[in-house]
Amino acid sequence: MTDIQAPAVRTNQTDPAVAAPAQIKMTARDVNVFYGANHAIKDVSIDVDMENVTAFIGPSGCGKSTFLRTLNRMNDTISIAKVTGDITLDGEDIYSSDMDVVQLRARVGMVFQKPNPFPKSIYENVAYGPRIHGLAPARRDMDQIVESALRRAGLWEEVKDRLSDSGTALSGGQQQRLCIARAIAVDPEVILMDEPCSALDPIATAKIEELIHALRGKYAIVIVTHNMQQAARVSQKTAFFHLGHLVEYGETSEIFTNPRQERTKDYITGRYG
Amino acid sequence: MNSFALLFLVLGLGLIGWLTGRARAGRLIRAAPKRSHSRPGQHAAYVAMWTALPALLFLTVWSAISPALVRDAVLETPAAASLPSFGFQRDSILGEARMLADNPEAGAFNEEARAIAPVYGAAERRYSWIGSAATILLAFAGFAFAYSRVTPTFRARTRVERTVMLVLLIASLIAILTTLSIFVSLLIESARFFAVVPITDFLFGTHWSPQVISSTDPGESLGAVPLFWGTFFIGAVIAMIVAIPFGLMSAIYLTQYAAPRVRRWMKPILEVLAGVPTVVYGYFAALTVAPAIRDFAVMLGFQYASSESALAAGLVMGVMIIPFVSSMADDSIAAVPTAMRDGSFAMGATRSETIRRVLIPASLPGVVAGMLLAVSRAIGETMIVVMAASGAATITLNPFESATTVTKQIVDLLTGEAEFDSPKTLAAFALGLTLFVITFLLNIVALRVVKKYREAYE
């Protein structure tokens, strides 16, 4: 690897630098996003696959978060946002009238930049999704879902004795893992992460990165980050966005060692951004 | 000289002080520009303050105490020796004398007053001159003092700033002091009441009929429980059954569903409701709602349905409170971070699920505080119940029956013909005190809840 890569947190069995053979989960073709008169995303086409973690990098305001939010239609909540182009999940058009946004978001979960646990107990935070989607008919099933989600998010050992404490009382890193557990609890197929570590300290960040390694392969994961070292550490595929364009998309190792585009090279060598 | 002329004179002197102070400071500072501390304008303000403020302060105090001084002076003259030594009659004679002194044409009931009037007039004139002279003297003394201190090194700026702060402090204390003095006056009058009527009779007695008060046991017919119940029933139960759901739902609609365009005209209309004078609600309740409710009750088979039902007053009061609840709930729902809403949407929750499971629980403390404030407004509300509720103090759970409230009874007690120190009139103060304490506690609880909740998101 190059000198760009910081001392990485490597705990995983799979070598994170090597992309696995791809089974395509989501595709985007010629996607444009407008916020009123502002053309935020310009003709972006990309495939997201099941086996790899995909990182979106780029300078602030390049549209990476905006594009991420088109993948589970979170832009719907912004009245002036308009999305054109095709985005599919397992071949189904997610913007077609047949696609129910409630079901879409159950299949494509999201973790936000700032940990945003609900002002409820830890248990209720995780049970929120299963409850609204009716996944657990009995109390016992719910207990099981909550426990397994917390285990997979690496939080179970820390909170198992205080599940009834408020989720907002946890530390920032724990809150973010709680939000990941909350997303996992509805058993999604894709997890979108919007700069999940930007509000966390380095130790909490390392834990989240470990968690992303552990979740790889079980879910298609897309992570937006402004931290290039993080992209290099956690992802196998990297997409570089600039001024609303997708400049370059490829295997992470390629992008960081041998970028094809001049702009990508300038960005990853710290010329701007 | 009358006080108004004096006031303008002092203000005029202050202006002259400002101009001369500024001129002097400007001259001195031009002569030694390096050493000056304050700007000419600040020196000018300093001189103007010293000229006007002590004089105005004296004038205020003087106009408060001079009537008493005049009275004492009159009483010491030989002409007043023939007056009755104490009480009502002497006061009324003196009052008439004062009126005659101002306007000799006026008629008088007491012949003594006519005799004293010239003495009174003389005393008034004398004290007025003393006051005017002292005020003007003080203004000049203040001016001379401040003017002599204007030098380039004098720190006028810091002194002016300090005075400004002091004036602002006093202004903000006025509201607090007023509240305190209201409380104290209620306390004193109530103490007089409780000297006659045992406090336990008042607080726990269930019989209220102030029209017939027995002289041996006045507490027997002054038990306030029916009033507390009526107040609670009308203000905290019926009114809130109307105001809370409608207020909350309109807040949810306005914050979560309404398009910005709809919100822009709907919210002001809702707020207009809050601006309608309560007396208008009162006759709406009495003339429109109450008869309709009576007819409805008769239709349901209540034979003795009253046209002054608790329901009529409570319903209209509830409508009056809606904008209040709605705007408090609106604020606290809007204060829930968008991240929380997005988090819920991202889990695939619908809008109504998000509202029910995330927004309302998160904004609950603010909403509860709004409700408490609304309750405290409702139980203090007077005009609607005066016009629409009856005076019959009953303890009932039937909303079609009549009920009365604390505020309504206070109005009845004080507008009667009774003497001012009878237990009947004094009872009004005891009721007022109770109401004051209850609403005060409600407000404190509400404010604490709001404060705690604010900290949670900051």
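Cβ atoms here come from the backbone N, Cα and C positions, even for glycine.
The transmembrane segment annotation in TrEMBL covers B:6-23, B:44-65, B:127-146, B:166-188, B:227-248, B:269-290, B:310-337, B:358-379, B:426-450. The domain 'ABC transmembrane type-1' annotation in TrEMBL covers B:229-446.
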Within-chain partners of the transmembrane segment (B:426-450) [C-beta distance under 8 Å, separation at least 6 from its ends]: 182-183, 186-187, 189-190, 192-194, 196-197, 202-203, 210, 222, 224, 227-228, 231, 365-366, 368-370, 372-373, 375-376, 379-380, 406-407, 409-410, 413-414
Contact call for the transmembrane segment (B:227-248) and the transmembrane segment (B:358-379): at least 3 Cβ pairs under 8 Å, seq gap 6+: yes
Same-chain residues at least 6 beyond the ends of the transmembrane segment (B:127-146) whose Cβ lies under 8 Å from its Cβ atoms: 1-2, 6, 9-10, 13-14, 16-17, 21, 46-47, 49-55, 58-59, 62-63, 66, 69-70, 73
Listed stretch, out of B:44-65, B:166-188, B:269-290, B:358-379, that has the most CB pairs under 8 angstroms to the transmembrane segment (B:6-23): B:44-65
